[in-house]
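Here is the structure we will look at.
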Amino acid sequence: MAFLRVKPGGIYVDGTVGLAGHSEAILKASAPDGFLYGFEWDEVSYGLALKRLVPYEGRFRIFRLNFSEAPRVLKEEKVLADGIVLDLGLSSFLIEASGRGFSFRRDEPLDMRMDERLKLRARDLINRLSYPQLVELLRNYGEEPAAKRIAKAIVEARKKKPIETSLELARLVEGVVRRRRSGQHPATLTFQALRIAVNRELENLGKFLAEAPEILKPGGRLAVISFHSLEDRIVKRAFREDPRLEVVTKKPIRPSTEEVRRNPRARSARMRVAERCGL
């Protein structure tokens, strides 16, 4: 939160509320009269966040919308923000408890929708896309070196029966991809690619970054935490090329050893910060 320079009475946006960790920190730091606009796509996370933030009632509004809608909402509210935070990481709740197939270690329906109002599911893609389309998806959204081998295995397996669960897919990928030298699970990039495609993550990020400066006050800051190179490249390019923004962090900020010890999933996090110019 230090990079956002949260101050009492400020107006802030948490584009990815999740279970409200960042939201609560902002509300505490902006007390007694700061205000927060939050956005959360997942229905269950949305409900849990509202319960957590009850002590701050009257100082926040949470919308059950994707963060890409934040600029539209703030324009309708005729509000400019002092700071915006976007944490693009998948919440522990969605991985461990949503039952939607985000984890390759669990036997769950292959769904992967962050918002169950979306129509397209991961199993729809796995069972309907052609071999060339699967290769393209795995390469473009997963940067998967073994895209051709995995796509071929998927096409062969679904001839016998549809691929319906996360564990089915994980074991299929394990059968054709060796464990990475980094220790990364063989199915990590395949699951990443499917999740990105189902939720249109990169499109939503690009749309948000193009419009976010319009809802920042001069001197207001935008902090984006990304977790893989596809996201980070989009953020880096947007910050560098937008004349309305001045880059604050020349290089991405990475978590400390202590932060990674407390939260191992944070090891790949990269935060970039930009400031709205006074144009």
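Every residue gets a Cβ built from N, Cα and C, even glycine.
In TrEMBL, annotation is done automatically, which means it is predicted and not curated.
With a cut-off of 8 Å between CB atoms and residues at least 6 apart in sequence, the same chain places Gly15, Thr16, Phe39, Leu86, Asn204, Phe208 near Phe67 (S-adenosyl-L-methionine binding site), listed in sequence order. Annotation source TrEMBL lists S-adenosyl-L-methionine binding site at Ala20, Gly21, His22, Glu40, Phe67, Asp87.
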Consider each pair of residues in Ala20, Gly21, His22, Glu40, Phe67, Asp87, all listed by the record as binding S-adenosyl-L-methionine, and report the largest Cα separation in Å as a whole number. 16
Could you work out which of the binding-site residues (Glu40, Asp87) has its C-beta surrounded by the smallest number of other C-beta atoms within 10 A? Asp87
Run through the Cβ atoms and count how many others sit within 10 Å of the one on Gly21 (S-adenosyl-L-methionine binding site). 14
By the DSSP assignment reduced to helix, strand and coil, which category contains Asp87 (S-adenosyl-L-methionine binding site)? strand
I want to check the contact list for His22 (S-adenosyl-L-methionine binding site): same chain, sequence separation of six or more, C-beta distance under 8 angstroms. What comes out? Met1, Asp14, Thr16, Val85, Asp87
Looking at Cβ-Cβ distances, which residues of the chain lie under 8 angstroms from Ala20 (S-adenosyl-L-methionine binding site) while being 6 or more apart from it? Asp14, Gly38, Leu48, Ala49, Arg52, Leu53
